[in-house]
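Chemist: Copied straight from Swiss-Prot:
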BINDING   34-41, 61-65, 79-82, 146-149, 179-181  GTP binding site
BINDING   Ser41, Thr63  Mg(2+) binding site
DOMAIN    26-200  domain 'EngB-type G'
Amino acid sequence: MSKTIHYQKTHFITSAPDIRHLPEDEGIEVAFAGRSNAGKSSALNRLTNQKSLAKTSKTPGRTQLINLFKVEENCHIVDLPGYGFAQVPLEMKKKWQKSLGEYLQKRQCLQGLVVLMDIRHPLKDIDQQLVFWAVDQNIPVQILLTKADKLKSGARKAQVLKVREAAVDFGGEVEVDAFSSLKGIGVDKLRAKLDEWFAPAFELDDEFIEDLDAE
């Protein structure tokens with residue numbers, strides 16, 4: 001029996017400059033990553049039906065920390081630093097890139113990665129690097145083509161198909177869908193994907209209860 005996850009109860013736990021400052025590497029984490037202007041904060045707020053869970057900034061590139069949110073017991077969402085914004089100093093870009101790579105390659109409890117890309121400008125070099133990193137670690141990836149409301153229905157579908165075809169080159173488990181925080185496009189599909197990734201946490205709970213009942 002699948003558990004209903006109440007994403008609206010998601011709340012902030014802590015911020016960390018790198019994985020060494022995160023809580024214990026246990027439970028299940030789903031990470032969100034994307035270019036600084038891809039609409040990551042808006043997507044997290046829409047997912048959880050909260051207006052300011054993830055703070056949106058008028059200056060892209062401000063999110064320099066790894067932000068951790070608790071969804072349920074043993075289930076967390078990780079908001080990774082935005083990347084690729086032109087006005088950020090090169091040294092800071094390198095630091096963020098190292099932090100992202102380190103998290104994807106070393107965090108054992110990472111169950112899935114959501115990569116957000118503006119539907120009008122998808123698959124930039126650093127976006128692709130991020131997906132390849134995840135695939136190399138056998139981490140499933142959900143690509144969200146954000147700001148889908150900016151395109152008419154036909155153009156939106158064509159762009160999704162184009163990116164799906166390109167995503168075949170990544171290998172691994174990579175899915176592509178349109179998303180709009182403003183219009184709610186793709187929100188239910190995103191919740192369903194997160195439900196799937198978080199499910200093992202509740203299976204462990206059920207096994208624990210069964211063991212207690214058997215004693």
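Here the Cβ of each residue, glycine as well, is placed from N, Cα and C on the backbone.
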Chemist: Got a sec? Which of these binding-site residues, Gly34, Pro81, has the most Cβ atoms within 10 Å?
Modeler: Gly34
Chemist: Where does Gly34 (GTP binding site) sit in the DSSP three-state scheme?
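Modeler: Assignment for Gly34 (GTP binding site) reads strand.
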Chemist: State the Cα to Cα distance, in Å, between Leu65 (GTP binding site) and Ser41 (Mg(2+) binding site), rounded to an integer.
Modeler: 13
Chemist: List the residues of the same chain that sit at least 6 positions away from Lys147 (GTP binding site) in sequence and have their Cβ under 8 Å from its Cβ, in sequence order, or write 'none'.
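Modeler: Spatial neighbours, sequence-distant, of Lys147 (GTP binding site): Gly39, Asp118, Ile119, Arg120, Ser180, Leu182.
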Chemist: These are the binding-site residues: Asn37, Ser41. Which one scores highest on other Cβ atoms within 10 Å?
Modeler: Ser41
Chemist: Using a 10 Å radius around its CB, how many other CB atoms surround Lys40 (GTP binding site)?
Modeler: 27
Chemist: Please report the DSSP secondary structure of Lys40 (GTP binding site), reduced to three states.
Modeler: helix
Chemist: Where does Pro81 (GTP binding site) sit by DSSP, helix, strand or coil?
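Modeler: Reduced to three states, the DSSP call for Pro81 (GTP binding site) is coil.
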Chemist: Over the domain 'EngB-type G' (26-200), work out the mean pLDDT and round it to an integer.
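Modeler: Averaged over the domain 'EngB-type G' (26-200), the predicted model reaches a pLDDT of 91.
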Chemist: Could you tell me the C-alpha distance between Gly34 (GTP binding site) and Ser41 (Mg(2+) binding site) in angstrom, no decimals?
Modeler: 10
Chemist: If I restrict to non-local contacts, at least six residues apart, and a C-beta distance under 8 angstroms, what lies near Phe179 (GTP binding site) in its own chain?
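Modeler: Listed in sequence order, they are Ala43, Leu116, Leu144, Leu145, Thr146, Ala148, Ile185, Gly186, Val187, Leu190.
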